[in-house]
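K.L.:
I have a structure I would like to understand better, so I am pasting it below and will then ask my questions one at a time.
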């Protein structure tokens, strides 16, 4: 009923404001710095120009220029929050998170945008106090101001936001006591503010002169005794830390102790799982433990370089996938939360969405949506999937990876590409997982000789000398995936009974091509069924991806376009529209 009432009010007042919304965006763009040209699609030939398909803009409907939502996160925009927003009167959701906005939060923001339901200004450089006038956003459900430079106390007026379900003020410079009515938002909503006290953080204390004298005296006596004990314990901690390399918490480096990691999780079973979208029912760590049968080996979906994934069947009938990262996180807690929040906002039809995470000491669990048909690797090795389905998978996976390289903001290298990170949903559409994890985990595996010498089969040959991941390295890995699709073979250690040799897939295919026996390299389950010309086209695309010189490999977007032409012949992907607005003048810049 509340949603209907908001909608009804906006409909009544909005018919005359379509031109105002155009002026709103024009003013917004002109008042900001946009160094990476994220808003280059924002052009306004006249006051009636359609704005509903501009980057980050969503409208109530496509036929009128009334803005429902502005989603402009992670675009490197800088400047103060523009006053022109007051012309977007129908706006319900404003997300300017993880940019470089500075200055004060406008005290008039809720009189400008009275129908806001979601306001996310997190991850900027905003300063000053939280305006008490935010109480005028009477429909506000979610308020995120974390990771800024806000000072002062938390205004008591926030307690009057009756619809507020999510509040995050963490990682600022706020001080004073937390209003008791806000304590139910949990510690995560307030941590990282050294001057804050009160539930759910530590209690606020007040000391008179007598109490202070007692505390200081006791502190001095205790300090002398502690110094003696501490000096003796120093050596024990020093030796232990050299052995374990700081194996607690964030920033841990080399730290995993696999002896009883499940026991560690059980001892923290009441820890809440952080979810990026507000759930109907909150999930705790114990729910994941039970849903995976105690992380039983029978629930393993796939084991990859980034970690082991487990199928989690929840009591309500829904299914998730829980990944335990194999390496520790070298980031600080603030850096980790910044990176994980960015990953949690990424949505694309060919990517597996990251739904949430849970951290217990050095253990990091990631929660993803479950894909019904498993991995591409398992499908190729265990089942007979026909050629049209393989084309569908190849195009979808290429689309997802190309979007990470050329359409996502910020851009992402994958670094873990393989047929085990390409999952298949119930319609056999490809969904890429494990993107962005290279920024979270220890770089130890990139220094491991078995990684650099190509043992895993997907690692580009130049990595053995440069030790630096690159976009062209992702293209090489995807080329191996295409070879798997065409040949049905594994990426490494092929054992051909007839000729008795073991080689990498690239070497095996190259030998067949150089001997004029390309047909012998094709999977017999798909050869001779009317698609041989298409199969050879994909083989040529694959070979272009795995050339030894990185600069001679195509861009991922070029690989996608080549494969999409094949998909169009099968009528699979006519609904795909242009989603790569960036223009690249120098291919070398991307490699």
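Glycine is treated like the rest: Cβ placed from N, Cα and C.
From Swiss-Prot, for reference:
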type	residues	note
DOMAIN	295-573	domain 'Protein kinase'
CARBOHYD	46	N-linked glycosylation site
CARBOHYD	211	N-linked glycosylation site
MOD_RES	292	phosphothreonine
MOD_RES	378	phosphoserine
MOD_RES	389	phosphothreonine
MOD_RES	463	phosphotyrosine
MOD_RES	465	phosphoserine
MOD_RES	466	phosphothreonine
MOD_RES	470	phosphoserine
SIGNAL	1-18	signal peptide
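Buried or exposed, and what's around them? Tell me for each listed feature.
P.N.:
In the predicted structure, the domain 'Protein kinase' (295-573) carries a mean pLDDT of 85.
According to DSSP, residue 292 (phosphothreonine) is assigned to coil rather than to any helix or strand.
In the three-state DSSP reading, residue 378 (phosphoserine) counts as helix. Within its own chain, residue 378 (phosphoserine) has 302 as residues 6 or more apart in sequence whose C-beta sits under 8 angstroms from its own.
DSSP assigns residue 389 (phosphothreonine) to a helix. Residues near residue 389 (phosphothreonine) in space but far in sequence (CB under 8 A, at least 6 apart, same chain), listed by position: 428.
Counting Cβ atoms from all protein chains shown, residue 463 (phosphotyrosine) has 19 others lying within 10 Å of its own Cβ.
Under 8 Å, Cβ to Cβ, and six or more positions away along its own chain, residue 465 (phosphoserine) finds no residue. The DSSP secondary structure for residue 465 (phosphoserine) is helix.
Here the Cβ of residue 466 (phosphothreonine) has 12 other Cβ atoms within 10 Å, regardless of which shown protein chain they belong to.
In the three-state DSSP reading, residue 470 (phosphoserine) counts as coil.
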K.L.:
Distance check, please: Cα of residue 470 (phosphoserine) against Cα of residue 463 (phosphotyrosine), rounded to an integer number of angstrom.
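P.N.:
With the alpha carbons as reference points, the distance is 9 Å.
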K.L.:
Between the modified residues 292, 470, whose Cβ has more other Cβ atoms within 10 Å than any of the rest?
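P.N.:
Answer returned by the neighbour count: 292.
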